[in-house]
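What follows is one structure encoded as structure tokens, with my remarks underneath.
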Amino acid sequence: MASRSLSYTQLLGLLSFILLLVTTTTMAVRVGVILHKPSAPTLPVFREAPAFRNGDQCGTREADQIHIAMTLDTNYLRGTMAAVLSLLQHSTCPENLSFHFLSLPHFENDLFTSIKSTFPYLNFKIYQFDPNLVRSKISKSIRQALDQPLNYARIYLADIIPSSVDRIIYLDSDLVVVDDIEKLWHVEMEGKVVAAPEYCHANFTHYFTRTFWSDPVLVKVLEGKRPCYFNTGVMVVDVNKWRKGMYTQKVEEWMTIQKQKRIYHLGSLPPFLLIFAGDIKAVNHRWNQHGLGGDNFEGRCRTLHPGPISLLHWSGKGKPWLRLDSRKPCIVDHLWAPYDLYRSSRHSLEE
């Protein structure tokens, strides 16, 4: 009886120990899930780009640097890599290009590794953009991609980059540059805050809602202004004037009104038009051949506008890498393809 009782007691003890172990392990896993940082998505793999070096005529001073800002959206990274390659390839002084990348928190280490392995000689820095700055201010627009926090990062650019930078070129990720970016960098701003290709005689009724046009106070904002549209995906910004004029706060004010009254549909663009329309330094249209991604609903193919081209921009729903992968490219997408550094599984097998 004693031996049976002992065995029974040992069995109960063993079961209790196992139950405690399982419970403790489960709790540890649960706590771990709660405390763990958001994991970065699996990033595409890219081929290493060639090294691009300065010509003999290039300066080496800080004043010779050309500052370029872009966002690092993991969904658009393939486009960003192509854009960077195009900038380097067509630059007379590629080592003078200084890149300022804005990314969401938690992803910067993976993105840094991806850029460094693709462009080992690139002069760049990654800055964290806090999505909470805009998340509560974003209103739903006509396309989900326009509602992402990084789409609004350009508004806070002057507050994020170093104070020593007094001019910067902001570029979207769905474009390629086929000219020397130094030409755009040296544009004479003539006292303006923003320089960009400008399209006047625009029909502003398409950009704002009936609520806007029926409000006599809001409509006054556009009184006396030339009805000129510009695409915010390609801008030269006088950062000092932006800071002094407190333009970040001015854009935020319009976003707050939008949240209350729903006065426009197109994401981050309309606030820029309300503030800067007709009051920017106009740049030659060759620096933004935009709309190559088609409209915001179907992304149908479009042809090039007549005239010289320095920059091709796939604004709109259709992106060249997606259309090429689906084997349903538009003709203009083949102009983007030579800059694609994406290493597909097929290419990996061939190597």
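Backbone N, Cα and C atoms are what each Cβ position is placed from, and that goes for glycine too.
Note that the coordinates shown come from a computational prediction; the quantities given were computed from them, not determined experimentally.
Annotated in Swiss-Prot:
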{"type": "CARBOHYD", "residues": "ASN96", "note": "N-linked glycosylation site"}
{"type": "CARBOHYD", "residues": "ASN203", "note": "N-linked glycosylation site"}
{"type": "TOPO_DOM", "residues": "1-8", "note": "topological domain 'Cytoplasmic'"}
{"type": "TOPO_DOM", "residues": "30-351", "note": "topological domain 'Lumenal'"}
{"type": "TRANSMEM", "residues": "9-29", "note": "transmembrane segment"}
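Summed and averaged per residue, pLDDT over the topological domain 'Cytoplasmic' (1-8) gives 46. In the three-state DSSP reading, ASN203 (N-linked glycosylation site) counts as coil.
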